[in-house]
Amino acid sequence: MSDAKKLTGAGLRGQSAGETALSTVGVSGSGLTYRGYDVKDLAENATFEEVAYLILYGELPTTAQLAAYKTKLKGMRGLPQALKEVLERIPADAHPMDVMRTGCSMLGNLEAEHSFSEQSQIADRLLAAFPSIICYWYRFSHDGVRIDTETDDDQIGAHFLHLLHGKAPSALHTKVMDVSLILYAEHEFNASTFTARVCASTLSDMHSCVTGAIGSLRGPLHGGANEAAMELIQDMKDEADARDVLMGKLERKEKIMGFGHAIYRDSDPRNAIIKEWSEKLAADYGDDRLYRVSVACEALMWEQKKLFCNADFFHASAYHFMGIPTKLFTPIFVCSRVTGWTAHVMEQRSNNRIIRPSADYVGVSPRKVIPIANR
């Protein structure tokens, strides 16, 4: 690595890899802000469309700007016939993140970014189209139905649920999906976002950057924690069973997903927000078992390991109460985080230098080639 500055720590933990004006994560041990606004404030007082506008365009919209933005996004929900045909060829047992990756890449073939002047338009298009992509594939491959991907729903969260279930969602479900999308919208230099920025630093197109980010999120160490949490809690009978199951896993030193975080030291601010909504959903659902066992898991993990729930853990029960199949949990993350990814791509482009770090060589010493007859 010669004169390059030495970066230490597994996975470059604690290292600064650049500057961003989009978000802060864990500055006080537990905080999360988007362009200066606390995520709790946004979740309580804004919609996801307002937050998307904030992240992509820099400020919260006025009433007129929000109305125009919602109208724009609603007009971008439809999918090209060629993309639908590709989605119909993807089997039902495919990994849904592969569907998202393929859908994004195919859209890039059909609606290519010819100039960076189109970047905001493409960011909005991806934000509007991603729920349509995953739901069109799911409904066709699992139900044999070719759905109309354009609905009159005012919000993206409601639109997703409408496409998935074939009917308009309740006010409660609409609100919870809206909050969920806000909580997942942006999170600084995580693995998928940094992947998008590295790709952007080569001056690649927006679809390639986002496709790369999806590929990064597909890995189980980054995405999928809410799916793993659902697999953990779904068969727990009650609080006592939850404690027994978790204690067994701890004794066997098994990794338990949905707890702790790479950046937050004290708590994940998103957890308390979605936990509250999960409790409300449980009451509405009429069976609070999954919520109760989740609370028991949370208490035990803190008691035994001093590990707090991250954003993913109570999302599992919340999504379940809204009738969302477990395999679609991570694609919902994509439908939200595409906001942050595309904003980071644009930020990288605005003050760009190709990201090309050095590496410490740990291989063999210099040597000579031995003729093949003598090896």
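Every residue, even glycine, has its Cβ placed from backbone N, Cα and C.
Annotation comment: Swiss-Prot describes His222 (among others) as active site, evidence class similarity to another entry. For the recorded site, His222 (active site), the DSSP three-state label reads coil.
Annotated active site per Swiss-Prot: His261 (among others), in sequence order, evidence recorded as similarity to another entry. Secondary structure from DSSP puts His261 (active site) in coil.
Taken from Swiss-Prot, the feature active site covers Asp312 (among others). Within its own chain, Asp312 (active site) has Ala225, Asn226, Ala229, Met257, Gly258 as residues 6 or more apart in sequence whose C-beta sits under 8 angstroms from its own.
If you look up Swiss-Prot, you'll see Lys72, His187, Arg270, Arg337, Arg356 marked as substrate binding site. Cβ neighbour count for Arg356 (substrate binding site): 8 (other Cβ atoms within 10 Å of its Cβ, all protein chains included).
Annotated CoA binding site per Swiss-Prot: Lys255, Ile256, Met257, Gly258, Phe259, in sequence order, evidence recorded as similarity to another entry. Met257 (CoA binding site) counts 20 other C-beta atoms within 10 Å of its own C-beta, drawing on all protein chains shown.
Of the listed recorded positions Lys255, His261, the Cβ environment within 10 Å is emptiest of other Cβ atoms at Lys255. Cβ proximity to the CoA site centre (mean Cβ of Lys255, Ile256, Met257, Gly258, Phe259, cutoff 8 Å) flags the following additional same-chain residues: Ala225, Ala228, Ala229, Leu232, Gly260, Phe313. The recorded positions under consideration are His187, His222, Arg270. Their Cβ neighbour counts within 10 Å are lowest for His222. The binding-site residues examined here are Phe259, Arg337; by Cβ neighbour count within 10 Å, the least packed of them is Phe259. If you measure from the Cα atom of Phe259 (CoA binding site) to that of Lys72 (substrate binding site), you get 38 Å. Each of the binding-site residues Lys72, Ile256, Gly258 was ranked by the number of other C-beta atoms within 10 Å, and first place falls to Gly258.
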